[in-house]
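Visitor: This is the feature table in Swiss-Prot:
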TOPO_DOM  1-52  topological domain 'Extracellular'
DISULFID  Cys26-Cys192  disulfide bond
CARBOHYD  Asn29  N-linked glycosylation site
CARBOHYD  Asn37  N-linked glycosylation site
BINDING   Lys41, Arg126, Gln127, Gly128, Leu129, Ile130, Asp131, Trp212  1-acyl-sn-glycero-3-phosphate binding site
TRANSMEM  53-77  transmembrane segment
TRANSMEM  86-109  transmembrane segment
TOPO_DOM  110-123  topological domain 'Extracellular'
TRANSMEM  124-146  transmembrane segment
TRANSMEM  166-186  transmembrane segment
TOPO_DOM  187-206  topological domain 'Extracellular'
DISULFID  Cys190-Cys197  disulfide bond
TRANSMEM  207-227  transmembrane segment
TRANSMEM  258-282  transmembrane segment
TOPO_DOM  283-296  topological domain 'Extracellular'
DISULFID  Cys286-Cys289  disulfide bond
TRANSMEM  297-317  transmembrane segment
Amino acid sequence: MTSLSEFVSEPIGMMSQTSAASESQCYYNETIAFFYNRSGKYLDTEWNAVSKLVMGLGITVCIFIMLANLLVMVAIYVNRRFHFPIYYLMANLAAADFFAGLAYFYLMFNTGPNTRRLTVSTWLLRQGLIDTSLTASVANLLAIAIERHITVFRMQLHTRMSNRRVVVVIVVIWTVAIVMGAIPSVGWNCICDLEHCSNMAPLYSDSYLIFWTIFNLVTFVVMVVLYAHIFVYVRQRTMRMSRHSSGPRRNRDTMMSLLKTVVIVLGAFIVCWTPGLVLLLLDVCCPQCNILAYEKFFLLLAEFNSAMNPIIYSYRDKEMSATFKQILCCQRTENVNGPTEGSDRSASSLNHTILAGVHSNDHSVV
C-alpha cells in the first residue's frame, strides 16, 4: 500500500524533473520573433521613417566604405613604393573594412521588418559577419600601432619584418576575427538559456557580450599606451634636438604633426567605438536603462570607423593621395610603375614625421 508521503513526493519529483528539463531546453526551432518578444526588444512590422532613414544612410556609408577601401588596396598593389610591411598591414586593414562594408550591406537588407524572415542560423550569421569584420578592423589597428612602435624605437623608416612574417600576422588577425565572430554560432549563445539573453542582441548571451566588449576595450587601452609611449619618446627627442640644433621650428612642427596624427587616430576610435561599447555594458549591467532607443544610431557610428580608416591612415600620405588621383583618372606614371629617386621621402607621413625628429637629433648630438 502506497503511503501518503510517497503519494505526495511523487508529483513533487515529477515537477522537479519537468523544471530541470525546461531549464535545459533549447529553442533552435523558434522564430526570431519569439526571442525578440521575450527580451522585450520591439520588432518592426513595417518600415517607419526612422528605419528608412537608418537603412538609407547605412547603405550609402556601406558603398563608400567598399569603394574607399578598394581604392586603398589597389593603390598599394600598383605602387611599388608601398611594398613595405606597414603598407601591407594598411592593405589588410582596408580589406577588413571592405569586409565590414559587405557585412553592413547584408545587415541593411536584413534589418527592420525583414528581421522576421530570418531563422536562428541566418540571424547568427548576420551578427557573426559584423563581429568578424569589426574584430578584424580593431586587430589591424592594433597591429599597425605595434609596427609603428617597433619602427620608431629602432629608428627605421620601415621595419625589417619579412613578407612571411607579415603574412603570419595577417593570418593571425583573420583567425582571431573569425573565431570571435563564430563563437556565438557554435554555442556561446542564450538559445538554451533564455534567462541570460541580451536585450540588444536577443540571441546573444550576456556573458559573451561582456567578453567581446572587454576584448575591444583592452585592445583600445593597448593602442593608447603604445601611441602615448611613441609620443613621449619623440617629444623627449625633439626637446633634446632643440637644445643642440638651430631648427627649433622644425622640431616643434615635427612634434605637433605627430600629436595631430595620434589625436586623429585615437579620437576617431573613441568617437566611433566608445558609445557602442558602453551601450553593450549597460545592456548587461543596467536592465532598466532605455538603451534600445539609441542602438541603431550607435551602430551607424561604429560603422563610420571603417569609412574613416582609409582617410586617416592613407589619405594623409601625399604619395597615396597622388596614387588615388592616378587610378581615378586612369593615368599611369613612373611613380606607380616602380621606385624612383627620392621614393623614401614619399613614404608614410607618419614615418617621415617621427624619423625626421629622431635622426636629426642623433646627428646633432653626435
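Positions of Cβ are set from backbone N, Cα and C atoms, glycine also.
The structure displayed is predicted, hence computed values, not measured ones.
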Visitor: In whole Å, could you give the widest CA to CA gap in the 1-acyl-sn-glycero-3-phosphate site formed by Lys41, Arg126, Gln127, Gly128, Leu129, Ile130, Asp131, Trp212?
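Guide: Pairwise Cα check on Lys41, Arg126, Gln127, Gly128, Leu129, Ile130, Asp131, Trp212 gives a maximum of 21 Å.
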Visitor: Which residues, sitting 6 or more apart from Cys26 (disulfide bond) on the same chain, put a CB under 8 Å from its CB?
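Guide: Non-local contacts for Cys26 (disulfide bond): Ile191, Cys192.
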Visitor: Give residue numbers and ranges for long-range contacts of the transmembrane segment (297-317): same chain, 6 or more residues beyond its ends, CB-CB under 8 A.
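Guide: Hits for the transmembrane segment (297-317): 54, 57-58, 61-62, 64-65, 68-69, 71-72, 75, 90, 93-94, 96-97, 100-101, 104, 133-134, 137, 141, 144, 261, 264-265, 268-269, 271-273, 275-276, 279, 324, 347-350.
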Visitor: Under an 8 Å Cβ to Cβ limit, what residues of the same chain, 6 or more beyond the ends of the transmembrane segment (86-109), are close to it?
Guide: 55, 58-59, 61-63, 65-66, 69-70, 72-73, 76-77, 126, 129-130, 132-134, 136-137, 139-141, 143-144, 147-148, 151, 158-159, 163, 166, 169-170, 173, 177, 303, 306-307, 309-310, 313-314, 348, 351
Visitor: At a C-beta cut-off of under 8 Å, are there same-chain residues at least 6 beyond the transmembrane segment (53-77) that contact it? List them, or none.
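Guide: For the transmembrane segment (53-77), the far contacts come to 47, 83, 87-88, 90-91, 94-95, 97-98, 100-102, 104-105, 107-108, 111-112, 296-297, 300, 303-304, 306-307, 309-311, 314, 320, 323-324, 327-328.
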Visitor: Would you report the average pLDDT that the model assigns to the topological domain 'Extracellular' (187-206)?
Guide: 91
Visitor: Cβ under 8 Å, sequence separation of at least 6 from the ends of the topological domain 'Extracellular' (187-206): give me the contacting residues as numbers and ranges.
Guide: 24-28, 32, 35-36, 38-41, 120, 123-124, 127, 279-280, 283-284, 287, 291-292, 295
Visitor: Work out the three-state DSSP category of Asp131 (1-acyl-sn-glycero-3-phosphate binding site).
Guide: helix
